[in-house]
Amino acid sequence: MEVVSVFLQYEFLRNAFFSGIMVGFLAPILGVFLVVRRLSLIADALSHITLSGIAASLLLGKYMVFFGALNPLYLGIVFSVGGALLIEKLRNVYKTYQELSIPIILSGGIGLGVVFISLADGFNTDLFNYLFGSVIAVTRSDLWTITSITIIVTILLIFFYKELFFLSFDEEQAIVSGINKRLVHLVFIIMVALVIASSMRIVGILLVSSLMSLPVAASMRIAKGFKQMFIFSIIFGELAVIIGLISAYHLDLAPGGTIVVTAVLILLITIIFKRR
């Protein structure tokens, strides 16, 4: 209990813990729809465009007082949502080869990020925290931002759940029944963008997509239905975040790595368990 209670003693650890709980809830839920719809790589593309937003904010903060006082998370969210809208636009441009939109945005995000990092005279501690997460860098502002995103995304998920469910398993029938495929997909990809941007403080930009896919992959091994897959994905996601954060703090490691390693171990356990 002492190992866990330390996270409730200090404000910066409470910020990280409660933010992690919300991220561990949201990421696997959206990950279920991403995996079922075979869109897992969208998370990677949006995480890399988010990197560009963070790097741009840190760069502008060196020369402009406004951006120096602004939480880089906000510009990261703007870039992430902008990337989601661009992916949707490119999917309409390349209707026959819609999957092309993902590597285009992913490559563009990496390219922009490298340019901004180079202009900012290279790598710094702040950027490292955004890349791989940090237990001590989550601020009260980050916590409130993540809380707001959690509320917004949860409401949207409840409202669009049936539409997302039908589009995931029978797209043609869903369209025939009158579901606006373009609108639902647009709302969904914006939700993914918001969750990715909000998760980077805990998991890190480069590893956030793992939290959307690994708990889902583990749950698919033992779940006996779509609802069970939701439940197990959330449980595995929360376990990965909690164990990962505790390990990161006590071993002085980046939480992104410990969270993902924990998620991988959970996946391996479910694979072994299923074989038996």
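Even glycines carry a Cβ here, placed using N, Cα and C.
Per TrEMBL, the features are as follows:
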| type | residues | note |
| --- | --- | --- |
| TRANSMEM | 16-36 | transmembrane segment |
| TRANSMEM | 48-67 | transmembrane segment |
| TRANSMEM | 73-90 | transmembrane segment |
| TRANSMEM | 102-123 | transmembrane segment |
| TRANSMEM | 143-161 | transmembrane segment |
| TRANSMEM | 182-199 | transmembrane segment |
| TRANSMEM | 205-223 | transmembrane segment |
| TRANSMEM | 230-249 | transmembrane segment |
| TRANSMEM | 255-273 | transmembrane segment |
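Remote same-chain residues near the transmembrane segment (182-199) are listed as 22-23, 26-27, 30, 33-34, 42-43, 46-47, 50, 53, 73, 76-77, 79-81, 83-85, 87-88, 145-146, 149-150, 152-153, 156-157, 160, 163-164, 167, 208-209, 211-212 (criterion: CB distance under 8 Å, separation of at least six residues from the stretch ends).
With a cut-off of 8 Å between Cβ atoms, the residues of this chain six or more beyond the transmembrane segment (73-90) that come close are 42, 45-46, 49-54, 56-57, 60, 67, 98, 100-102, 104-105, 109, 130, 141-142, 145, 182, 185-186, 189-190, 192-194, 196-198, 200-201. Remote same-chain residues near the transmembrane segment (255-273) are listed as 16, 20, 131-135, 202-204, 206-208, 210-211, 214-215, 217-219, 221-222, 236-237, 239-241, 243-245, 247-249 (criterion: CB distance under 8 Å, separation of at least six residues from the stretch ends).
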